[in-house]
């Protein structure tokens, strides 16, 4: 028997975590690790903020939340998590980073059980299992996009006809939704979260472009001198501001248990579609890989939905400010019932 050429020998050993596989996917793997750690950090930060609110509410003389060092610790961790997510877009495709937001939902559920002493539900176990299985399929079958995302490539993608058609359709849809929201005063949760998703699709496109150009510039290939970098930076900031506005409106009108799963599904779907159109992330992917990736997304969606379904909103037993006694001009206070009389 003859000895196989080196190139053919490597084929047999190019499995997960092997040398050739790692060399091919190490940049994408870094993005996955960053996104996973960042989303878990966000779940930790939200739990810390909740714990700070609970502690303040249980005090004899409740103080504003911004005076709590624990609350500020949560805010700092939240900022670090968002920065990590931003950086992850510079190393991994949008189609991979966006669905990993389910890690935040899983992390919040786990932390609530372990540290906030909430009851473990069968739905939490089932939802967590589905989300973890979906995440594994996402990472395994995600598209590998090795091309460098330079400023010139971003410019070319901005004027490509598939993206122009996509933007026109998105603007028309957003204007229709905004008409019902403003003129007809329709505040349905789907109206609000669809507008959030449409804005989010532009946000992730801009974040991916800005993060990638900054990453290349740090490596020595300067991209910050191109006008398209600042165009994408402005687009990122503007779309993010309006996205947060409509999301806060939805959180004000509806319970988080309804907003979180729907927003995650719509945001992830819009991000994947925009990434496919703008960055052509699935251009050379095999049909089986695309199918398994979409199946992983479906499992993640189901997992998040099952965790959030029928989960009761928790309200503080003690309010932040005692409304039972209302101050009067002479410096004393009267019970609220007496004041009403």
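Each Cβ is built from the backbone N, Cα and C atoms, and glycine gets one as well.
Here the transmembrane segment (29-48) has long-range neighbours at 22, 70-71, 73-78, 80-85, 87-93, 96-97, 100-108, 111-112, 115-116, 139, meaning same-chain residues at least 6 beyond its ends whose C-beta is under 8 angstroms from one of its own. Look at TrEMBL and you will find 29-48 (among others) tagged as transmembrane segment.
Per TrEMBL, transmembrane segment is recorded for 69-88 (among others).
For 94-116 (among others), the entry in TrEMBL reads transmembrane segment. A Cβ distance under 8 Å defines the sequence-distant neighbours of the transmembrane segment (94-116), meaning residues of its chain 6+ beyond its ends; these are 28, 31-32, 35-36, 39-40, 42-44, 46-47, 50-51, 85, 88, 124, 127-128, 131-132, 134-135, 138-139, 142-143, 204-205, 208, 260, 264, 267-268, 271-272, 274-276, 279, 281-282, 293, 296-297, 300, 303-304, 307-308.
Annotated transmembrane segment per TrEMBL: 123-143 (among others), in sequence order.
The annotation transmembrane segment is assigned in TrEMBL to 163-181 (among others).
The transmembrane segment annotation in TrEMBL covers 193-216 (among others).
Among the features that TrEMBL reports, transmembrane segment is placed at 228-247 (among others).
For the transmembrane segment (259-279), the list of distant contacts is 93-95, 98-99, 101-102, 105, 145, 149, 157, 162-163, 166, 189-190, 193-194, 196-198, 200-202, 204-205, 208, 247, 250-251, 297, 300-301, 304-305, 307-309: same-chain residues at least six beyond its ends, Cβ to Cβ under 8 Å. What TrEMBL records for 259-279 (among others) is transmembrane segment.
According to TrEMBL, the feature transmembrane segment maps to 285-308 (among others). Remote same-chain residues near the transmembrane segment (285-308) are listed as 95, 99, 102, 105-106, 109, 123-124, 126-138, 140-143, 257-258, 260-261, 264-265, 268-269, 272 (criterion: CB distance under 8 Å, separation of at least six residues from the stretch ends).
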The transmembrane segment (69-88) versus listed stretches 123-143, 193-216, 228-247: most Cβ pairs under 8 Å:
193-216
Six or more residues out from either end of the transmembrane segment (123-143), which same-chain residues have a Cβ under 8 Å from its Cβ atoms?
16, 28, 32, 92-93, 95-96, 99-100, 102-103, 105-106, 109-110, 113, 281-282, 284-285, 289-290, 292-293, 295-311
